[in-house]
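Engineer: My questions will all concern the structure given below.
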């Protein structure tokens, strides 16, 4: 029997094994070698017989038989004629499957250009020929001739000639004196005659000579393509095709529908057009038709081939019968519906089902309820096998009948089959890895899947009609992985932040909170209980309540495992919770002897997990859930309208604020403040009022009241219980119900000045209702838009990080990042402990006073160490980071630190990149889906003061302080910092003070925690004088540079600087305020410059000419923008902007060196700012700043490297160039974290660091050394290291480069793997580039392996790959030894050697 047939029944035949995939341009010979025959006719199938036409697009002679082992005319049927070619119809007798793999070809009568190389920008053909794309197209589409060989004529090579010019030239020089051609033949000749080596040499020489940047870029582009061709072995003329391949017919099917019509793939239409035009052209050439007709036909052939390869790339889109554009070969690959994303990366699988989910509170954590009907269908093959094994059926048919009849024995067998066979549950959208978990199925009646309540958080599921899908892992390995890695009991911690995710929520929290409440004066107060039995008895007989204050004995074990018992002041309810705690010395009763809010419950579960291990935690979680549900039910907590308390003080607060607002209106009418300032103040006043009302309301709701008759404490307010416990609702929602609704935002994000004074209990007026709908509607619209954006962000993140895998244990690097606590507005938002937990220490950490060792270098910082470090008051710690890891591919385990989802050091082969991407992307969607919960209620708090966050002594760095005429201390320095030192002189905090701030402390003062250090006006920025004297104006011309606005209602004027460059007359002005001394001369500043203060647009003057001013007085104020509400809507685009490394619109200008400011000569409408360097041997740096921009520095100010010359958001590229990688990392991490923090989402820094690492993979060459690189090349970091190693070995000069920051999209498209890049975006461009360079994909990342259908090189797949690699090299060595004839004896010790060296063995 034939081998192929044997293989059918023996699937264990290994697939072809390959290590890499190469892509290159196909030469005409190559295309012919693939082909099984030429297609000569455009016919497809015969419409009567449905048989394919001979030599047509479906020809059976070329592509193979339609039915297995049967030729077309029916002469040979059956297996026995296999391989025979029928002499009548010419069809080979074989499997019809070959119609999916055999290709054909079309011989073109005239060459045509491949549209990818022509039109995919930058055009490869035109770059190579050094012509413009327009010119190349003119030649290709038969508009102009091109001179290929000028001979001795006056014509130039590559000169374009129109028809008339060509005729004139022929008349003038004669036809044989020069060669001019037209069409693809011309381009073919030019490409074929190129001497690539010579061109490359010329280009390099020219590059060395040229100085212009633009020219350099152009030459480099061309040189790159020339070198690509030389290295890959492709020939340039292959970009012009003489033969077109035809893909196998079963990949472009033609299916007869009923009613005599056909459904066909668009490709058949496109191929038909090509064949028709090609045949017509052949006929015209044979007939010797006039040149113009032939030329037209050639142009049409070129267009039809273009449409076949990439429809719509050039000219009109070719449409089918129904005006729909035809799908070309490129469209088959591109986009979400293309081959890559639809069929290779995402496949539909069998053995799956989906149904609605309902809650299953009586399940264990590792179980799910599976409907019987569903299980019967999903496990059918297993049931058939078991029925056969037990002798109930002898054939599959019989088994099928038994199952269909649902005989009782079938149900018994189903029970056996399902036992301990895990199934996977998945809820779409799967935003992180916890969206798919494994459970053991329990058969249930009905048609709904039952889900354990505790895993709802991970799936983000609720029971309002959500559906979930079930998948059955079939092979033993798959079942093993499902059980060991994916079981819900193995996913207790959240991979994003390491906190427990199996945490009770809603009812369970409420029940536990109710249990743990302690009330005064309850019956039985002060009783003592010796054990839990007595307690239960007392509760049953109602001698005590759950909330009575009692003394109870709690029994547990100490740290050595010895049992002990201790008496606590507690309540019966808390003892009931304590009863469930696992017995462990590290888990004391104190963790549940408190009010059990959601936070405390989470901490409790975390403690249990860290000290008692997984099994105990799972059992504990299940019990605590049962307890919570039971008591939530028994407590019977509900709420009515009277639970929403409206505070009595509300009316007074509102009245006071209304008076205040009236006062502001009056001030505005009197011209004391501007419209913008009034707006800010009013918004601020209402914001404060809302807060006050909320505080009053909370105080009322929280208040403990006692019953006069019984003296017992009244039950707590239900709404307060729900909110405070964390079960449902937030103080914000309570405020809207019982306080006042507050300020609302317009859809544009601005805040409406009039707030909503009513709350929902009182009801809104029509006006208020209308205003509130604004915000609510914006919320809903945002939600819809943001979900898509967030999904796209996640996709880009996954794509950039997918090949970041833990590949080694330790890279041994000496570099890392410095971690400090993050302080925002005087509040510590992220403590140093939280940031370093689970990271590896880079240096030894010693106690600053006693000097004793806390953590050794290279060891992980664990929970006890964090406590020690925070006690010791250490401010900054150097840690290892994935960002500075020196492993070439992937990262090492030590740099990454703790695997957050397991709480142990990260395992080899963990796909940390994907986990990072999911951790950052998942909350993006969560948040955006939740925007409307705030109903657009505005929250404006502009910080306007500094508070001491520690106790200690003040020290002021770069001190520059004056006392103004009011006797206040004023900060005059641009980069002053107030530091607080503790009694040991260790710096505890350091905060920048804004210019113009009023200081409450000075050097050497002692401060208490929470004391005000400084304050400033958050709405304007002052300009102050540091010398006393008389004011004089310069260039402040009415109507040109300053506008005197008289307020009509008040008649008071104020002066505001306007944009003076808008008129030609004003273009030379430099508006300024000058201070003159007593003798009438311009006063001198302490630094030696003149006291001349330049003004920016929109500045409001605070002085008149002739005003006497003293030091520290304000001359003018620049208003800052009005406050906008913060909402993740601003957040998500912000995160995307940071990851894409886009330059912000008005980005800050950052000083590159330390030095003093000097103002140079202005340039057009820009101001020239020069920094004179502080140290010698450094060139001064100059910046041009648009004149209207608020520029706050004065001549002579000292500025440090990294300070802002012009305010704004800094461009990440500048931070990288000026301050280096570490500063960039901390900037990106902090900015991204800020967005998430605002929404209360905790993400560990290391995830963001992993992504930033992927963005810093490229290096720009600054010095090429002896390498083949050119200065300005963007090279892979790893590649550069390899090249340099080789250069140094040969004693040559290595190349140097600076790190380049790429946005995530760019970084994804520039991965070494072209398969991964092509499946991401811009498929045609990526494949074109890869083909020209003849790229090889080494299948390193996850995506490319999924696409070619192998196990991913991470996790269990990675281990298999390692083992396979060792085995292969071992076999090679043994064969090598055999060849040498020394036998295999020597190979064994070498083998052990290799196994030790292999990374897997680590």
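Just so it is clear, glycine is given a Cβ too, placed from its N, Cα and C backbone atoms.
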Engineer: Out of 633, 885, which does Swiss-Prot tie to the same Zn(2+) 2 site as 811, 892, 895?
Structural biologist: 885
Engineer: Measuring Cα to Cα, how far is residue 811 (Zn(2+) 2 binding site) from residue 466 (Mg(2+) binding site) in Å?
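Structural biologist: Here the two Cα atoms are 46 Å apart.
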Engineer: Starting from each candidate's C-beta and looking 10 angstroms out, tell me which of the binding-site residues 73, 86, 892, 895 has the most other C-beta atoms.
Structural biologist: 895
Engineer: Including all protein chains displayed, how many Cβ atoms other than that of residue 464 (Mg(2+) binding site) lie within 10 Å of its Cβ?
Structural biologist: 5
Engineer: When you measure from the Cβ of residue 885 (Zn(2+) 2 binding site), how many other Cβ atoms are you left with inside 10 Å?
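Structural biologist: 26, counting other Cβ atoms within 10 Å of residue 885 (Zn(2+) 2 binding site).
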Engineer: So around the Mg(2+) site, 462, 464, 466 aside, which residues have their CB within 8 A of the centroid of those CB atoms?
Structural biologist: 357, 461, 463, 465
Engineer: Which state, by DSSP, holds residue 892 (Zn(2+) 2 binding site): helix, strand or coil?
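Structural biologist: Its secondary structure by DSSP: strand.
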Engineer: Going by Cα-Cα distance, pick out whichever of the binding-site residues 71, 73, 89, 462, 464 is nearest to residue 885 (Zn(2+) 2 binding site).
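Structural biologist: Nearest candidate: 462.
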Engineer: Cα of residue 71 (Zn(2+) 1 binding site) to Cα of residue 462 (Mg(2+) binding site): how many Å, rounded?
Structural biologist: 59
Engineer: Out of 462, 466, give me whichever of these binding-site residues has the highest number of other Cβ atoms within 10 Å.
Structural biologist: 466
Engineer: Can you give me the residues near the recorded Zn(2+) 2 site, meaning same chain, not 811, 885, 892, 895 themselves, Cβ no more than 8 Å from the center of the site's Cβ atoms?
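Structural biologist: Near the Zn(2+) 2 site, beyond 811, 885, 892, 895, sit 808, 810, 813, 880, 882, 884, 886, 887, 891, 893, 894, 896.
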Engineer: What other residues of this chain sit with their CB within 8 A of the center of the CB atoms of 71, 73, 86, 89, the recorded Zn(2+) 1 site?
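Structural biologist: Surrounding the site, in chain order, are 72, 74, 75, 76, 87, 88, 90, 91.
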Engineer: Radius 10 Å, atoms counted are CB only; among the binding-site residues 71, 811, which position scores highest?
Structural biologist: 71
